[in-house]
Amino acid sequence: MEVGQMQRRLVDYTKSLFMEKGFLDAQFLQLQQLQDESNPDFVVEVVSLFFDDSEKLLNDLTMALDQPNVDFKKVDAHVHQLKGSSSSIGAQRVKNACIAFRSFCEEQNIDATLRCLQQVKQEYYLVKNKLETMLRLEQQIVAAGGSIPMIELGF
Amino acid sequence: MLSSTFCLFFLSVKALLYSGLDVIQSQSFEERYGGDKRPISILDGIYDIWQEVPRRKNNIMVPSKRVEIDAEYDTVIYWKQRAAHLEKMLEASMQREQLLMEKLQESIKNLEKQSSPVEELSQVLKRADNFLHFVLQTAPVVFGHQDKELRYRFIYNHFPSLQEEDILGKTDVEIFTGSGVKESQDFKKEVMDKGLPAKREITFETELFGSKTFLIYVEPVFSKAGETIGINYMGMDITDQVRKRERMIKIREEIAVQKAKETELNRTIHITEETMRAKQMLATMSHEIRSPLSGVVSMAEILATTKLDREQRQLLDVMISSGDLVLQLINDILDLSKVESAAASLRKILTLEGNVADDVPVEVIGDVLRIRQILTNLISNAIKFTHEGKVGVKLYVVPEPPFAKEGSQNGSAESTANQSTTNVPKEETCTSTSQTSSDQRGFHGKKHEGSCQDRSQSERGTPVTHGTIDVTEEQAELPETTVWIRCDVYDTGIGIPENALPTLFKKYMQVSADHARKYGGTGLGLAICKQLVELMGGRLTVSSQVHCGSTFTFILPYKVSLSCDHSDDPDDDLSDMDDHGATDDDATAGFFQFQPRTLGSLFSSNGSSRTQNLLAHNIGYVNSHKINGFSENCYSFPTSNGQTKEMDLVEDACSVAEALEISPEPESSFSHSPDHDNESAICRDEHHHNVVNAENKVSTRDVSSCSETSREVDVKVKITEPQLPAERQGRSDSGFQSTLNSSREASNSISKPKILLVEDNKINVMVTRSMMKQLGHTIDVVNNGVEAVRAIQYHSYDLVLMDVCMPVMDGLQTTRLIRSFEETGNWDEAAKAGIEKPSPSSDSLQPDCTPPKRIPIIAMTANALSESADECSANGMDSFISKPVTFQKLKECLEQYLP
């Protein structure tokens with residue numbers, strides 16, 4: 001694929017992540033703005049950190065909810081962390097799922113929290129997939145000698 | 001094929017026999033395909049089925065033989081010979097005759113033996129008849145042939161109600177009557193006219209066979225010439241099928257209706273949920289809007305007390321009345337959501353009881369508005385959740401409750417976040433405010449045997465305004481006591497399950513989602529009540545039993561004036577207060593009740609004179625106006641409190657202290673430019689005006705905090721300015737100067753501002769750090785409150801960005817510890833929380849030297865509900881940034897809080 005084509009694809013893909021599906025929100029643009037010559041891999045670094053952190057949290061959550069006596073305080077703390085992280089990178093749908101999750105933690109509703117965990121997991125893996133695709137596309141563009149097109153979105 | 005032809009053939013024969021027609025006809029059905037490829041029936045005129053028996057061919061030839069005779073004609077011999085010959089011939093003839101006779105006999109015999117064709121045919125016909133009867137015997141069909149005049153020529157009906165002779169030769173209408181008969185006849189006519197076969201369902205309602213539905217097939221019958229000569233018709237009884245079908249349709253219809261209803265219901269549920277959410281949202285929004293708005297209105301009102309020209313005053317009047325209007329609207333919205341949720345329970349009959357014990361004083365001094373708000377909330381809750389029975393209020397005097405005593409004795413031991421809302425003054429606070437003036441000390445002494453609250457009140461007031469209790473001079477001289485009154489609001493309602501009790505007083509928490517749906521409401525009422533009660537120094541408790549009812553109890557301290565003739569309740573009437581104040585030369589400042597921590601931090605932190613505060617007061621306003629103008633994301637607390645017509649002095653003072661210490665505006669405090677001097681001079685001038693006014697009119701302000709969530713206390717405070725303008729100016733100058741100097745030193749010693757980020761989430765750290773880097777700042781990062789306290793113990797920071805929700809120690813407690821250090825100069829509070837004190841070698845400022853600089857602490861909150869802005873400000877934070885952190889928010893915050 002030639003660079004121009006890849007660039008167009010990246011723009012379209014990124015837009016779809018923001019617009020149609022709401023996977024990402026304006027916060028992600030903040031991250032992109034933070035990336036510059038002095039910090040060329042910032043987005044990849046933050047996103048990788050997000051992946052590591054989230055997966056650890058999801059594991060912890062799964063374990064915590066698997067206990068005979070669920071410690072909802074602990075669960076809530078984990079979800080709070082995940083919410084903070086997802087909100088920071090703009091993973092909107094994960095964040096929203098976390099908000100719902102937390103409200104059920106307060107209710108101590110085990111069934112609902114289990115459902116929420118599934119939901120959060122699903123949203124996480126979705127956005128992970130999307131972000132990976134996007135970043136891979138960016139890397140391909142860079143490898144082919146192109147520059148990452150700036151995405152203008154009206155937020 | 002053969003047999004079917006036979007059958008038809010037979011049928012026609014039978015029909016003809018039955019009908020007794022003279023003409024022997026035979027029917028032949030030929031299949032002929034018309035244009036539309038439909039088979040039609042043709043009845044041919046005459047078809048001779050009785051074929052002539054084939055004629056027997058008689059070709060027996062009798063040969064005539066001539067006999068030859070040799071003898072001479074007419075001779076004897078001739079004649080003899082002739083006779084003999086003839087004799088032979090005769091003999092042969094006789095023999096032949098004999099033979100023929102025998103043959104004839106034989107033939108006759110054979111003939112007799114052979115059955116006749118009629119008989120044969122009859123048998124075939126009989127078999128066919130049997131077959132047809134066998135096939136048709138249980139078939140629920142009727143079929144027949146009718147002629148041009150629709151008279152029956154043939155009918156087959158397995159369950160005949162009529163004999164054939166009653167039918168044949170007649171038309172339908174001649175045979176029977178009832179609904180459907182005419183229709184059927186008309187239908188047949190129609191088919192005949194159109195010449196096209198058709199099917200129709202006809203329901204009969206006749207005397208003959210009751211209610212029955214037939215599916216009727218009618219086809220026209222043509223002659224060979226193409227003339228319509230009648231119809232064939234076939235009817236099948238489908239009454240059961242129709243009944244089933246109709247039932248099916250009905251069921252389907254019902255299902256459809258049910259589905260539609262279900263959809264509708266779902267939609268309604270959805271809409272209801274949406275409405276609920278919207279309503280809650282509205283209430284929340286209104287709450288959030290109300291605080292800053294009341295700040296604006298309050299500030300405008302204060303502005304109105306300054307010297308203004310006519311035009312300015314007019315403009316200000318419009319501003320205030322508009323502001324009031326908006327506030328009223330918001331209050332109405334909040335009320336509305338309450339009314340709506342109560343509307344469902346309007347129609348019921350409940351007994352409302354009231355019971356006031358004899359020992360309850362007729363008149364006590366308390367905050368009418370707030371107490372009314374609490375009562376309204378509790379009683380309307382009680383009514384809302386009670387479907388039958390009663391709701392009652394009981395009032396009685398109780399001894400000073402243990403929590404108050406405990407507080408006065410070892411209140412300082414309380415350092416956990418949970419207890420932060422108790423209104424018990426701390427010992428440190430008390431001691432730190434001990435530099436009271438002599439008259440206060442006298443007053444203090446007088447009050448000493450009173451409750452701790454009183455003591456704390458007087459002490460609290462001291463540094464600020466040299467105040468006395470919120471009474472006029474005469475009153476202050478009169479003996480006054482505190483009485484604790486317990487108020488029970490009880491009901492016989494649905495009660496509260498035990499597991500819901502812990503969250504009962506939490507904001508936006510209702511017993512369950514079901515309750516929320518059923519009873520509505522915002523879930524704010526009880527949270528507000530609890531805070532109000534606690535801020536007034538009381539306790540709100542609940543006991544409840546599911547299905548039996550609940551009792552909400554609040555115990556509050558009230559003051560009782562022993563002067564019986566004093567009828568003006570200063571809390572009730574502003575103008576009254578003004579009047580009283582007018583006669584008061586001495587400084588009076590009374591706090592009915594307030595949250596000690598907040599106020600303690602405010603009033604005791606500042607060793608310098610009251611005037612400094614007052615000066616700062618104005619700066620604070622300048623500041624806050626700017627702040628408000630700056631950003632939407634970065635809220636500043638100082639001006640966000642206060643309510644219409646009531647201004648929050650406590651808050652105000654808070655903002656004063658903070659504003660001065662933060663000293664964020666270079667032109668107003670740090671740079672010490674001529675401009676600044678002018679500005680502060682103006683400020684002072686303004687003040688002098690106020691004071692002058694005050695001395696005539698006494699600048700009394702009725703102040704009440706209305707910061708909804710954390711300080712919804714109605715602290716009525718009266719301040720009078722007792723001192724002379726000259727003195728004031730002198731003091732204010734010095735006080736201001738010293739602060740400026742210290743800040744300046746601090747700013748000089750550090751080339752680059754030092755920023756501490758307290759945040760446990762790695763991603764947030766990374767993002768914030770990167771943003772700060774782009775803004776040109778490097779930051780120190782710690783992961784929890786304990787680490788933050790340690791960092792501050794060893795380094796001085798210009799700004800702290802503090803996550804609210806953290807493990808180990810949250811941001812609120814951390815801020816309190818830091819503020820405590822700044823106020824007292826020691827880390828005792830932190831030590832109590834388990835953080836060891838810094839070693840002497842540390843570079844932290846020693847309490848006895850310059851007082852520690854107040855560090856701006858900016859909260860980073862994830863959501864405005866659980867980590868509310870008010871809570872942050874109540875714990876000593878200066879402002880907050882809502883998460884996720886963005887460039888813009890950080891930038892604005894830095895611009896505001898860093899020089």
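Even glycines carry a Cβ here, placed using N, Cα and C.
Looking at B:87-121, B:577-611, B:612-646, the stretch flagged in TrEMBL as coiled coil turns out to be B:87-121. Annotation for B:Asp803 (4-aspartylphosphate): same-chain Cβ neighbours under 8 Å, separated by at least 6 residues, are B:Val758, B:Glu759, B:Asp760, B:Asn761, B:Asn764, B:Gly811, B:Ala859, B:Met860.
Per-residue confidence over the domain 'Response regulatory' (B:754-898) averages 80 (mean pLDDT, predicted model).
Taken residue by residue with DSSP, B:Asp803 (4-aspartylphosphate) is part of a strand. Per DSSP, the secondary structure of the domain 'Response regulatory' (B:754-898) breaks down as 59 helix, 22 strand, 64 coil.
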